[in-house]
Structure formats: structure tokens, C-alpha cells
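Take a look at the structure below.
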Amino acid sequence: MGRNHFLASLFLLLSALAIASVFSQDHVCSRRAVRYRPRRVCRHWWWWSCCSWRYYSEAYYINERVCCPGWKSSDTRNPLLCDTPICAPGCQNGGTCVSPGKCDCTAGYTGFRCDGALCSHERPCYPGTCQPGGGCDCLSGFTSPSSNQQDYCLKIEESKYFQPEIHEMQVRLSYWANFRSPPLKLHEFLADSTGLDTSTDGPDFIWTNRGDFNRLETSCSSQFIPPEITGKPDYIRGSALGIVTGSMVVYLRKLRAGGTFTDFLSLNKTIPCAQSVSSDQPETGIFNCSITDSFDRILEHRDVLEINFNTTAGGFRDVVNTDNPSRLYIKQHFIGVTKAKAVEFRFDFLWPYHCTDTGNNCDPKSMLNVPDMTKTARIAISWGNWADEDSGLFRFAWEVFKMTKAAGTELEIRPALALKPLINQEVFNSNYSIQHFTLREPGMYSVILELGDQANNTRYVRRLVLYDPTPVITADPVHAFFVTSASMAANYTFQNNISAPITVTWEGHFRNAFHEDNNLLGQVRAYPPELRDLTVKNKYIFRKVILRNTSDDDNEGSRTVEEIPNRRGIVNFKIQDTTDTDGGKNQPATPTGTWTDLDLSTHYTVRHNPSDKQTVTIWVQATDAMGTELVERRQVSFDSSAPNASSLQFLMNAPVPGIDFSSTFAVDTVDRESGVAYVLWTFRRNSTGQVIHQEKVPGKQVSSCNGLDRNCYNTSTGEMFAHNQSYSFSNCRMTVEKESLATEKIQVTADVTNMAGLSYQVSMEKDDLTKLNGTQAYFPPQNVTAKGLTSESCTVTWSFPPSCFDRTALWVIVNGRKMAVHKDATEFSVTDLAPETQYTLYMVTDYVGDEQSDRVPFKCTTTEADSFSAGAIVGIIIGFLVITLLIVLIVIFILWKRGVIFQKEGTQANKQLHRVSRAFTQIRKTVKRGPGGAFANNAYNIDDGDDVYMYGSMAFNTRQQWQLKDSSLTLMDHVADGKFASIYKATWKHSERQEDVVAAKMLKPNFTEDDAMKMMAKINFLATKLEDHDNVIKFIGAVTDSPTWGPVLVMEYCEVGQMDKWLTQRRGQVTEQVMEDLFRFALGIAKGMEYLTSKKVIHKRLAARNVLLTSSLDTKVAGFGPQKKEGEEDEEKATRIPAKWAAPELLEEKPATEKSDVWSYGVVLWEIFSMGQVPYPTIHSNEIGTRLRSGYRMDKPEFADDTYYTLMKDCWQYKAAKRPTFGTIRAQLAKQFDSPGNRQSVGFYYDTNNLNVL
């Protein structure tokens, strides 16, 4: 019995739970609920990009499961059980809630809430509970607005629990360019109070320096969730609670003349929300309010624009008489609760100021404090005493630029690099500390400080830093430091006039080469205005400007924007002098006395009254901007008397080693004050007075001389000279025409000049010149020998004896046949001789004056005849090769016509055929070049019109400035490989202090002589044909004498590389900046090609792959060089001509011209504006010619506008004469950049803030 009872109870319990579970599922409902999440939102939009971001609370809505109205869960652990009904207001007098809003009353009680029938349509108590005596107890959150029984519970109490909830409050203030079609948003600012309790935190606000707006947009939402009311009495037919009103109120507050904010309102405007709601139709869910309105008010400094979102909760109740429920007794409206939330836009049009701007006595260096000049690489950067009374200082940013040499003696930041500093560091005002930066290399640097307030008013300050860790002053030997009043006879060390002033100069002698060569002390150009901004009036202004003549630019300290006065990098000179009688031997290199400051003067007059045998020592000290000093001295001694000399002695025909037909003159001299500086020997014809020879011979000094030695003497300054001053010469110096040798007399004078420039002259006369050896010698060639004998020829070699006369001709005579030979030749081959025959040959030399030497005979015997002569053998070989070549070409032609070969590029047969072709090409080139002789013979002269061979064999008499030492190059990274050469990234050390990164083109290992010739051709071509141009690859130099490397071509290194690769890497990432770069590419290539055309250079291979880009994206045209001779290597022409870039005339094998390069330029434009797509993507190369003749042209690429596509089509005119020149193209594109409103700089858009406010 007990067990059965237990089972029955368990069964009933489980059944009840199952029923309850099923029952409760019916009481679960879904409702919209708001949640918040952080979202990064653009706070300041400018043109096509965001300038400032911030995280805001974003409202989003979900459908959540909750108990349906009138139900709740009896288990807190299971909030969706929903098994308990709710009666609100609750049941009275012991009644029980049996379903939502329905009470089960105990005995003796009736009514809606078991409170008796005390309330009715005349005394409605809803939502609430009727009380005995006619009272009403309103539900929590409601109250009665008056004692009138009709108004029971009609007012919603204002409390934080029962009020409208504003979920979103977001306002955008923007300017739209309505003059465009469609209108374009130029800028926009956002304020968002979503998630803020503006009653305690205040509204969200944003500062701005923009005063031009014409559109106001809001995005708001609100919701009213009333207390839960279940059921309704019979006298209430219906009711609803929710949002009943919503509007935006716009206030514009202005600052009165008194300087404080007051209630002066320039604008007070209410804008209703678009969604239609009222007390009769309240929004019980989410109320959305989106408004777009025009804004036309003038905004001024310190204005505040406040936008309020006002929303009101309310609703209605319909009261009926229960005796006639179908008829409305009265509709009553709840008195609602209003809630508001605001945002503000605050306007600040003034930039931050420094204490010096207000006239306060403060340190101007605190604007931006950096060292003017430093030898230490790590510098400190600091600033202070800045303020902003309105929006307040917000951020600083400092950047460092390396300045470069400009025209003349100026320095500049190149416009292309004005937005590319070495560093850009941001510092927020709240986190300020002294900054540091390590300068990379010596030079002049520009440090720019950007100051920004919270309204984005930005100010820029610039200061200069000269960094030179090891300053050096050198002496330039080209510009002497010397005593100008002294005699040049002894290099200005003696003065002969003791009463004349002693004047000295050192103009240009001292220099700091690094400072001078890099204009480091020159005037600094103004910072180029950047960050161009398009105003609402469609005009451009620059946001990044540093006014040169204000304190914002560097106009204080020792290094300002003005030139530091200097002479070749020297900023000061000082001088000292003293007198002694021992020749200045004991004077120090640096004096210890008092210096006289000369500022920048490079001339000085010494105030002394010296006498003979005295010496004045003069020291000059040069100082550079870094404080480095160099002291040099000069000494001048005094001698006012001329030297003494004896009569001349003549040693005729006395042999002197190294001089042909020698004689000697001798004279004894003495000058004990200063010594003999030189003897000027002059030979003059008596008959005409003509000077036929003159030579200055330095005075002969000896290494030791004592007082007893009669052959020498000592001077007062300690030098030792020989008495005998002899002069040995060739008798050819006295040679005259043959008929005058016996009668002419030569006047010989010797002007003996001492160190002070005073002279003494002695002379003699020489007659009968026939007695002088060599004056009548007309010699024939000597050492004549025969070599290289064959059966048909004899090669003769010889040398020339010394002679006083110039050769005019040289002859070889055999069997009466007189053959002319170059007058300087030393070898000649006599041909067309008979085999096994002895010949007697003669050589004769012609001299000036129709004089001729005697004949010199020699014998030559030819060899036995061969069965075949060498010429016949060569002819047979060449004939065989020609026949073989013709057969191969005929076979190739037949196979090509049948389509067997050249149908698919890269097939094995095709590759084999090209190898055969190249082999025959090499044979033909070898035959063309002939023997590779390594000696030069002036008897032969070959004129070859081939550019490659002309430039490849070019030689220079002296070492050229561009010829580099292989030790100055250091290879770094391998970049690429070509057919016969590799390209490396390298460093070139061009001085002890400087080295540059360059590109080195080097032959591959085991290179051939032909490879070396090609490389030398390109080197000599670039060295002699072109000069530097901004848009053509720069030739730096070459290594030409390395036995290991062979010739190495050194050019500028373009960091970015080939333009076609840059283009393809940016597909799908085309921004406005990229578009600006494309326009610059087009203009730069046109400029480079215009220059090449002016130098008569035809490119032939212009394509995007042959344009290189530097780190600043400057274009450099490359890939050109010396050209093959017309018709050279015809069999390779098809592979060498890039068909998709070639003009139609090139495909027809006509010569290349500027106009064919213009066609290729049009294809390059197509590559640029298609972001590196391959031209004619659906057409095979061998079909190009046919398609072009039929009028086909490529369509406009994706990113080209009509202007550039029109230019492409002009370049693709089929007739070359109709195509424009590169000069015309360059002028047309330049207008696109120079005209107002067109493309002018990379800094096309204003974006200096990037605030990243969190």
C-alpha cells in the first residue's frame, strides 16, 4: 500500500513538472533590447580620408528572451521558467493572482483587484489600486497631477528608473561641395554623447578650426520602458505608453564684446524628428530620430554650437462606462517625462602662441631649442613657454630633415622630400619630455616643430643644426698665400725694395672643403609650403607654412637662415708678424704673441721698415664655423742689389748624355744676399732680331759649402749656391734655314736673376752655324730589316735617327714603284711580289724645306710558292660559310612559312635554331673584325661606323675624372642578372668622409673580349654623350683597369627599382596619392625622353620595365645605349624588338626615330594607368603589326582620364609625322601641374593631425 502510494505520488509530481514545463514555454517572449559596444569612429573626415579617430559607445539591438508581460519565474536560477502570473497592482484583501492581471478574490470581496467596486469611469484609478473612501493608490512610477478624481495616476513620475532612455546621440557637422555633380563631402566633424550621462559628465564636444559648414546631420534613438502593468479594469478599454515626442534644438552661442560666454544666442532652432509619434500614438519600441538640415550661419572664434536631442515619454488611456463599453467615455493623456542629451561643437581659429608673441621678456630659444652647431651626433630637442587659451595645447610633433645643396651657395629641403623627414615623432602635451635624435652623417639639418591645439590649429617652427664631428681646414695650392710685394723670381720670398710696403694676401687659400662644397654656411631657402588644402571657395591654401621673416623660422643664434659670412668656409682670419736677422730660422710654426683680428679680410700690409739681410715672418690663422683653426706662415727677406756675373764661355759640340747634338754655355755668378733664382738664356737671330729659343734655368744650389770652397758661396739666409751656372742644349736650338747657316749670327744672352728679382745680363755672339753638329743632318731611316716573308710579300721594319728637322714624308721604292708610307710609321708590307725572288728595296725620308735624305737600300727574298695561297684559303673558307649560311636560311624560311617553327616561343627546336643563328652571327662578327692585333700601326687606318665598336675602342690620352679605382667599390647585394653582366648594389667611397650607395654593372665570370668591348662601349657612350638630367639614369663613373672584374659600369642606385613592378604591387590599392604618383611618372618620363632626343639618342626599348624609381619616386629613364650598325644582327632583330611596344615602322624594319620612341611612350602611359598590365593582353606578338595596320588601338585603361587617353592615341598615330614630339608632350603635361586647380604636388590633401583620440 505504501509502495503504491509512493509511486502514485511520484507519477503525479513528474506529470505536474512536465505540465509546468510545457506551460511555462508558452510564457517566454522575445523583445528588443539595447546593448553598447566600443567602436572606432572617424571624428574628423577630410576629402577621401579620415584625419582623426576616436572610440565611442555604439548602441546595437538584440532580440532577447524574457518572460511575457504578466509572468515571472519562481526560480531565480531559471529566469525563463515563467511559471508565476503577475497582477500589478497586486490583489487586495487576501485575493490570489491566478493569471496575469486577474485576481481570485476571497469570500465577501469583489472587484478588479478584490478591492470592491470603488473605482469607475468617473473615478478611474489606472494604473493603480482603488482605496476605501474613494482613494487611489497609483502604481509605482505614476502619480496624480491633481486632486481631481478624473486625473488619478495620469502623471509619470520623473525618476531615474522611469524616464525615457536615450540610446544614441550622434551629430555630424559637414561641408558639401554642391558645385560638383554629384556633391562631394569635403570635410565632416562628429560629436557623440552616446553612453554618456551628460547630467554629470557633460556633453561630448569637439573643437575645430573649420568655419565653413553647410549641413547638419543627427542620428538619435530613445526608448521608454514603463513599469510592468498587468491587466486592466473593465472601465479601461485600452492604453499605451512610449515615446510621444522627439526633436532637435540647435543653439549657437556667441561671445560678447566683454570676453565671456553669456546667453547671447545667434541661433535657437527646433527641428522635429521625422518619425510620427504623439500621445495618441506613442512609440512603444525604439524611437529613431535622423535629421538632415542645412546650416548657413557664420561661425567665429570662440563660438559654441550646441545640439540637444529632446525626447518625451507619455501615452493615453481610454476610459469607458461599463454600462455602455462600446462607447468611449473619455480619452486621457498621460503627463510625460522629458529627457535631453546634447553635444557641442566649439570653434577655435587661433593657433598656439609663445610667450615672446605677447611681448613678455622670455627666452626666444625656448620656442625650439637645438644646438646651432655641434660635433656630437646625439642632439637634444626641447621647447617650452607655449600656450593656447581656447581649446588648449594638445600635441607636438618634431621632424628632422637633411638639407641639400641648392643653386649657387644656398641650402634647401628639396620639395620632393619636404614631406619625407628622417624622423617624425609625436609627443602629446601631457607626456612632454626632452627629445633626442642621433644625426646620421655630417651636414646641415633642419628641425621642425609642429604645435597643434585641440582644434587642429597648427603652427610650425624651424631651427637649423650644423653637424660636423671632424671639421678640417686645408690649404688650397691653387690659391697661394704669398707676399705680393715680393719678387716672383723666388716664389715671393725676397723683396728688392726695402722702402716699399710689405703686402700679403691669402685670397682663397684656406678652406673648409666640406662646408664650402656643400654650401653649409650658405643662405637657407624658405621651407616649401606643403599640405595643400582646397577651401570651400574652390581655392587652394597651404597648411604647412613657415614664414621666413618671423620668429617661427631660424632667425636667432649663431646659425640662422641667413648666410654665415665666410670665405670658402672660413669665418675669421687673424694675423701676426715679426722681424729678425737670421733668415727666420728660429721662428715657431705658431706664434705666442697677440693676434690682430681681420674679420674676413684676406689682404694685409705689414708696418715695418726692414733693411737688407732682414727677414719678416707673417702668420695667418684661419677659423671655421666649428672653431677649428689652421695657422700658416710666410717669410720674406730683403735684397736691394743685383747679382754679379762673368763673361760667357761656350763649349761647342761637347757631348752631354741624353741630349742629341749637344753644346754648353757657362757663366760664373755670385749673389750673397739672396742667391741666383734663375738664368734666362735667349738665342736671337742678328739679321731679324727674332728669338728662336728661350729657356729659364733655375739657379744651381749645392748641398754643402764652406768658406774655403771657391766653387760655391753662402747667402745671408743660409742657402748655398754654385758659382758656375751652366746650360747644356741641343744645337737644333740654333738651327736656321740651310742657306743661312754660314752667314747667320746668333746673339746669346744670359739674364742672371736673383731671388729678389734683380737681374744682371751678359752676352756673346755665335757665328758659322755650320760647325754645329746636327745643323745639316738629313738622315734616312736606320736599322731597316725584313721580316714576315711570304711567297708574295715582304714586311719591312725600321727606326728613325735623331734629327733637327721635321719629317714630311716617307717612301719605299721597289722596282721603280714608289709607295708612300705614313711619316711616323715603323712597319710596312710590300705585296704583289713574285715567289722565290730577291728584291732590292730603298727607303727615303723627306724633311721640311724640300730636303731629302739619301737612299738606304736593303734586300728581301720571297719564299717558295704554296699550292694554295693564304688568300685562296681564306676565300674558300668564306665561300663555304656563305653557301652553308644561305642553305640554312632557305630551310628556315620554308619551315617558317609552313608554321613548323617560331609557333611557340621556347620550344626545343626554336632554341636550337637560335643557337645556330647566334653561331653564324659570331662567325660573321669575327670575320668583320679581322685579326685581334694588340699593337697600333699608323700606316693603317680603319673607319668603322658601328657605334658599339666606335665607343668600345675609344681611348683617352689622360685618366678621366669618371674613371674609378676598383678599391673604391664594395659590392653589397646581388640585384639582377642579364645576358652577359650582373647588377650589384654597392658602395662607392669617393672621399675619406663620404660614400654613396650605387649600382654596379659587372661582367659575369669568364667574360669574352666581345663582352668587354660591349661594356666599354656603354661606358664611353654614357661618359661622353650625356650629362646629368633629373629624369635620366645618372652615370657616376666606371672601373676600366681591373684585370679581375673587367670594365665595371657605376650608376646611381634607384632604391625602388623597376616601375612596372611598383605598378603591379599596387593593384587594388589605388589611392589619391597613388594617382598623383602616376601623373608625376608620366611627366618625368616625358622630360627624360625630351632630353635624350636633344642629345640625338634614340631609345628603341622604352617600356615601364626600363624606367627606374628612386626612393622619392622620381623617374629615371634607363635601358638605352650605343646602337648596332644598321643591318647588324638581322637574324636576331625579331627577338630584340619588343613588338608590343614597337612602332609600326619598326615592325617593317625601318630605322628608329624620335617618333618611334613617342609611340612606345604612349604604350608606357597605358602601362602606367593600367597599373602595370601587359599591353595588348589578348593579342599575340606576331599579330600586332596586322592589327595595328587595320586601325586597332587599345582601350582606355582603368585609371586614365580623357586627357591622358587622348595623348595615348596621339602617340599611336600610324603615320609617324602626325605624332607629337617629346617637347610637345612635356609642355602639355606640365600644364596639368602648373594650372590652378590642377595637380601640383604630392601634398594634395591636408592631413596634418592624425590625432588618434581614444
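Each Cβ is built from the backbone N, Cα and C atoms, and glycine gets one as well.
The model shown is predicted, which means the values in this text are computed figures rather than measured ones.
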Which one is it, Cys97, Cys105, that TrEMBL ties to Cys87 with a disulfide?
Cys97
Quick test of reading the record: TrEMBL lists a disulfide for Cys114. Which of Cys105, Cys125 is on the other end?
Cys105
What is the average pLDDT across the domain 'Protein kinase' (969-1233)?
87
List, in sequence order, the same-chain residues at least six positions removed whose CB sits under 8 Å from that of Cys87 (disulfide bond)?
Cys97, Pro100, Gly101, Lys102, Cys103, Arg113, Thr230, Gly231
For the domain 'EGF-like' (83-115), the number of residues DSSP places in helix, strand and coil:
0 helix, 9 strand, 24 coil
Near Cys114 (disulfide bond), how many other Cβ atoms are within 10 Å of its Cβ?
21
Let's check the environment of Cys105 (disulfide bond): how many other CB atoms sit within 10 Å of its CB?
19
